[in-house]
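Record features, source TrEMBL:
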- 6-29: domain 'C2H2-type' (DOMAIN)
- 35-62: domain 'C2H2-type' (DOMAIN)
- 64-91: domain 'C2H2-type' (DOMAIN)
- 93-120: domain 'C2H2-type' (DOMAIN)
- 121-143: domain 'C2H2-type' (DOMAIN)
- 172-199: domain 'C2H2-type' (DOMAIN)
């Protein structure tokens, strides 16, 4: 395995660890003379590095300076993205009890309830959240006129949720007789009926109830 070497960029000295290199740099620091840019106050170790940097401030390159932290950019797009970071930080909602921050007011308000032992009320139909029980109950009642019942399991949903819910039953439809089941156990038991019938071709015809899926030898007994 090749050994890692850490090189000093100021005197070409080498060190086996980063810590020793850092300690070595402390010896250079008192003797380093920083070359400071007059336009943005950035410091450089050599005049050459400062001269290269100064070209960014030429007349054809506009410098964009952040009014909040003083950082400068010669690219407007990069500058705007930087400013947006400050905006997001300013818009954070911070809990004065535990110091946690949230970018959205809703999550912040939900979090605040945890400090007073309250839980928000969540609508099981549309997932909206309410902080007062009375508002939640009024909202819940508004769904009653819009509810539709599933033909398979009789659960109630609004139109959108019902469509999503009905898809959960698609995999429980018998591919031989199109009988539909609301649970896996009933579906498997029903499948065994077809299997046993196939293995016993001489068995008399079995009639299956479309509601409870029980078997009857006579159709009249269903």
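Glycine is no exception: its Cβ is also placed from the backbone N, Cα and C atoms.
Unlike curated records, TrEMBL annotations are generated automatically.
These numbers come from a predicted model, not from an experiment.
Across the domain 'C2H2-type' (93-120), mean pLDDT in this model comes to 77. If you look at the domain 'C2H2-type' (121-143), the same-chain residues 6 or more away from its ends with a CB under 8 A from one of its CBs are 106, 109-110, 113, 157-158, 161. Taking DSSP states H, G and I as helix and E and B as strand, the domain 'C2H2-type' (121-143) has 10 helix, 4 strand, 9 coil. Taking H, G and I as helix, E and B as strand and the rest as coil, DSSP gives the domain 'C2H2-type' (172-199) the counts 17 helix, 2 strand, 9 coil. In the domain 'C2H2-type' (93-120), the DSSP tally of helix, strand and coil residues is 10 helix, 4 strand, 14 coil.
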